[in-house]
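Remarks on the structure that follows.
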Amino acid sequence: MERAEAYGFSGAMSGAFLLSCLLFAAVSRRQRGPYMDEVFHVPQAQAYCQGRFLQWDPMITTLPGLYLLSVGLVKPAAWLLGWTGRVVCSVGMLRFINLLFSAGNFYLLYLLLFKIHQKNKAVSGFQRILSALTLAMFPTLYFFTFLYYTDPGSVFFTLFSYLMCLYGNHKTSALLGFCGFMFRQTNIVWTVFCAGNVVAEKLNEAWKTELQKKKDEKISSRKGSFCDLTRILQFLVQYLMSPKNLVTLTALTWPYIILVSLFFVFVFINGGIVVGDRSSHEACLHFPQLFYFLSFTVFFSFPHFLTPTKIRKFLLSLRKHRVQYSLITVISLFLIWKFTYVHKYLLADNRHYTFYVWRKIFQRHELVKYLLVPFYIFAGWSFADMLKSKSIFWILMYFVCLLAVTVPQKLLEFRYFILPFLIYRLNIPFLSLYRQLLELAFYISVNAVTLYLFLNRTFQWENSDEVQRFMW
């Protein structure tokens, strides 16, 4: 990092942290007590602070990583600074931990952008800083900086694990992946993603060697016809059937294999992936979740997707591949028809934005969910088009992880899209400076509206005196 870039990054990070501290103070003044899921998280952390490690709220569905780390941070700080009484493990103190995670996420996002795009000499230091700032302000994640939720810590350890994987520190990456798993069990998918990065790199090297041997310039490891894809899949099967290759891949990925094995042991002993209340977190094949994620990605990355050039390319692709798109349309309609689920929380809890998205769009008419298929197809094509700089093996690996982390979820919840979105966004090309600034301005605007609604547009339910607030 050059000196000017280092100063610029320090200034951006300091400014963002100062702004977050001011917003944190505003949220803490208006909402002093636990809100929403904090009603479960805060008492559990406070029980750990008091040494009651065997106490557990059965309504909590995640492992105790957040509470253990909170005690590990707050208790030494209280001892060093002489804090006593209610301030130790208070709601404000516990929430402040996520403010620290938010700063850490900013730094990790910058390091990941630097590592992933280091070969692109056209990217300036200012663009890297601006992109890191934009992703640190990503609305769905940034909002939970000010509440005691698992999301900031979950993102921190997963991004840290990914960074260590890219630098080849796989044992450290697996250890950090375990920390991420302790925050949210579904983060095991991103441990598989890290292992998949290693496998994809070896496969791409072997594929290039195969091409060189055959001297077949028509086959591409990145894009091509259906015939090319068939050849790639045949190569993939042949490569993975070789005992020598499997031994090589196992030697490279053994830390991740151990962690995934421990995960399956946990699932077997626990009787499922969810701890605590399982009645509201049943796994199912909810394929439209993939369509919701693609729509979510288009919305938050519209400067990347909604450009005249990209729309023209999509229309040209439609004209050239009518049969393929017709088949995709039929499959999409079938998946929506047979595999759409509506969780009871989605219909009942009017504090979440998803409640209004579902009511204002999907519940307007039974046919709406089918009429959105053309938009889903455009979103899917644009999504894949932005990844064309990655190898086909990386794309396949990411897509498998994306399906694993979204499709089993019955509840439409934007928080579940945070990590797949960030990892995708980190790996696509940089925008022009104008579009980067537009994206940042959009994120800041969404954050401003969200926090304004949360702080000022309160309401009450019938037969309840508690103040309710709008949130993600």
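Keep in mind that glycine also has a Cβ here, set from the backbone N, Cα and C atoms.
What TrEMBL says about a protein is an automatic prediction, not a curated fact.
Copied over from TrEMBL:
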type	residues	note
TRANSMEM	6-27	transmembrane segment
TRANSMEM	60-81	transmembrane segment
TRANSMEM	93-114	transmembrane segment
TRANSMEM	126-149	transmembrane segment
TRANSMEM	155-183	transmembrane segment
TRANSMEM	246-269	transmembrane segment
TRANSMEM	289-306	transmembrane segment
TRANSMEM	327-347	transmembrane segment
TRANSMEM	367-384	transmembrane segment
TRANSMEM	391-408	transmembrane segment
TRANSMEM	440-459	transmembrane segment
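Remote same-chain residues near the transmembrane segment (391-408) are listed as 186, 189-190, 192-193, 196-197, 199-200, 203-204, 207, 221-223, 229, 232, 236, 283-287, 289-290, 292-293, 384, 416-417, 419-420, 423-424, 427 (criterion: CB distance under 8 Å, separation of at least six residues from the stretch ends).
A contact links the transmembrane segment (126-149) to the transmembrane segment (6-27), because at least 3 Cβ pairs that are 6 or more residues apart lie under 8 A. Same-chain residues lying 6+ beyond the ends of the transmembrane segment (440-459) with a Cβ under 8 Å from its Cβ atoms: 23, 26-27, 30-31, 130, 133-134, 137-139, 142-143, 300, 302-303, 467-472. Listed by sequence, the residues of this chain that lie at least six past the ends of the transmembrane segment (6-27) yet keep a Cβ under 8 A from its Cβ atoms are 95-96, 99, 102-103, 106-107, 110, 125-126, 129, 132-133, 136-137, 145-147, 451, 454-455.
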